[in-house]
Amino acid sequence: MMLFFSSLSDWFPGVSVFRYITFRTVAAMLTSGLIVFLFGPSIIASLKLRQGKGQPIRADGPQTHFKKAGTPTMGGLMILTGIVVSAFLWCNLSNIYFWVSLFVMLSFGMIGFYDDYLKVTKQTEKGFSGKARLSLEFLIAIIAAFVLLQVGSSGLALPFVKDYFINLSWFFLPFSAFVIVGTGNAVNLTDGLDGLAIVPVMVAALSFALIAYLSGNINFADYLQIHYVSGTGELAVLLGAVVGAGLGFLWFNAPPAAIFMGDTGSLALGGLLGIVAVATKHEIVLALIGGLFVLEGFSVVIQVGYFKLKKKRVFLMAPIHHHFEKKGWTESQVVIRFWIISIVLALVGLSTLKLR
């Protein structure tokens, strides 16, 4: 649709606004949000009917979680539908970065969907084999990184440093795959409480929409002395759709949640954030902006690793949001405080664009 309206600009001057990334980003945000908001109730009703008992609740989890039994999962289907429809309406479909990002998002979403499907149908906490799932994720990430390498550089930009890049050479592929897969699974681990994951995802998406826009604009990139990557500005439109869909989803995911995002949504959105960070050369900044996801992910790694070594636990329960629940925080306290942390970390991450 964007290209159609742009072609009319010679006859209708006002239509030229469709060429602007900023306008299309806002339009994509509104479109995806409206789609999720309008179609959400029917999707939730359909999923609830098909899933019966809904997502299994962890037996060792906080007692307050047992009242969530019967809540349907796979809410990521709502989010992805809103994003994809909006993106096809407002994005430049000839942009390679758009297609690579869409490939990662939908591929990770399919893996998450299969995982959710197994959990719901078998009523077990264990879904897709961990090794098989990670293998597929790394394969997808390597393919995406290889495509990016063909159209860009293998350089790694450092925050707070002007015009200095580390040439990763062949190591770019495994490094990029680690960023993409790591982000996808970190977001997945964060999604454990009503509304907990979607707001930090929106905060990170909005932050990277700005980064993508600046990195893809040669004038802004030169002024800020950040790596210029031609074409990445289009990712701002895609991320705008993510923010809008996230807002629409939050309407239904706010406590008490009518639906859970599930692996379908968390893996897809995390993978998307990872590939955007790689494309814009802001992988390290992602660790700052998405610091909450890093914290959640490392809490699990530390818990599992320490238990294998010492047969003891560092946290009362992992991921770390459950630790604070066990300490006596209410679910709302954990969620809102973690939201605050994600916003503060995003501001710190964005400050690296200027502090050089």
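Even glycines carry a Cβ here, placed using N, Cα and C.
Listed by sequence, the residues of this chain that lie at least six past the ends of the transmembrane segment (25-45) yet keep a Cβ under 8 A from its Cβ atoms are 72, 75, 77-79, 81-83, 85-87, 89-91, 209, 213, 236-245, 247-249, 251-252, 258-259. The transmembrane segment annotation in Swiss-Prot covers 25-45 (among others) and rests on sequence analysis.
The transmembrane segment annotation in Swiss-Prot covers 70-90 (among others). Residues 1-2, 24-25, 27-29, 31-33, 35-36, 39-40, 43-44, 47-48, 51, 53-55, 98, 102, 105-106, 109, 112-113, 116-117, 119-120, 237-238, 240-242, 244-246, 248-249, 252-253, 257-269 of the same chain lie 6 or more positions beyond the ends of the transmembrane segment (70-90) yet place their CB under 8 Å from a CB of it.
Look at Swiss-Prot and you will find 93-113 (among others) tagged as transmembrane segment, backed by sequence analysis.
Positions annotated as transmembrane segment by Swiss-Prot: 138-158 (among others).
Annotated transmembrane segment per Swiss-Prot: 164-184 (among others), in sequence order. Long-range Cβ contacts of the transmembrane segment (164-184) within its own chain (Cβ-Cβ under 8 Å, at least 6 residues beyond either end) map to 104, 108, 134, 137-138, 140-142, 144-146, 148-149, 153-158, 227, 266-268, 270-271, 273-275, 277-278, 281, 283, 286, 290, 293, 297.
The transmembrane segment annotation in Swiss-Prot covers 195-215 (among others). Counting only same-chain residues 6+ beyond the ends of the transmembrane segment (195-215), those with a CB under 8 A from a CB of the stretch are 21-22, 25, 187, 221, 224, 226-229, 232-236, 239-240, 242-243, 246-247, 249-250, 253-255, 257, 261, 266, 269-270, 272-273, 276-277, 279-282, 285-286, 289-290, 292-293, 321, 334-335, 338-339, 342-343, 346, 349-350, 353.
Taking Cβ pairs closer than 8 Å, the transmembrane segment (235-255) reaches residues 21-22, 24-37, 40-41, 44, 75, 78-80, 82-83, 86-87, 90-92, 97-98, 101-102, 194-195, 198-199, 201-202, 205-206, 208-210, 212-213, 216, 261, 265, 269, 272, 276, 279-280, 331-332, 335 in its own chain, all 6 or more past its ends. Look at Swiss-Prot and you will find 235-255 (among others) tagged as transmembrane segment, backed by sequence analysis.
The annotation transmembrane segment is assigned in Swiss-Prot to 258-278 (among others).
Within the chain carrying the transmembrane segment (284-304), a Cβ under 8 angstroms from the stretch's Cβ atoms is held by residues 156-159, 179, 182-183, 185-187, 189-190, 200, 203-204, 207-208, 211, 270, 273-274, 277, 313-315, 318-321, 323, 338, 341-342, 345-346, 348-350, 352, all 6 or more beyond its ends. The transmembrane segment annotation in Swiss-Prot covers 284-304 (among others), and the record cites sequence analysis as its basis.
Same-chain residues lying 6+ beyond the ends of the transmembrane segment (333-353) with a Cβ under 8 Å from its Cβ atoms: 159-160, 193-196, 199-200, 203-204, 206-207, 210-211, 214, 224, 226, 255, 285-286, 288-292, 321, 324-325. Residues or ranges marked as transmembrane segment by Swiss-Prot: 333-353 (among others).
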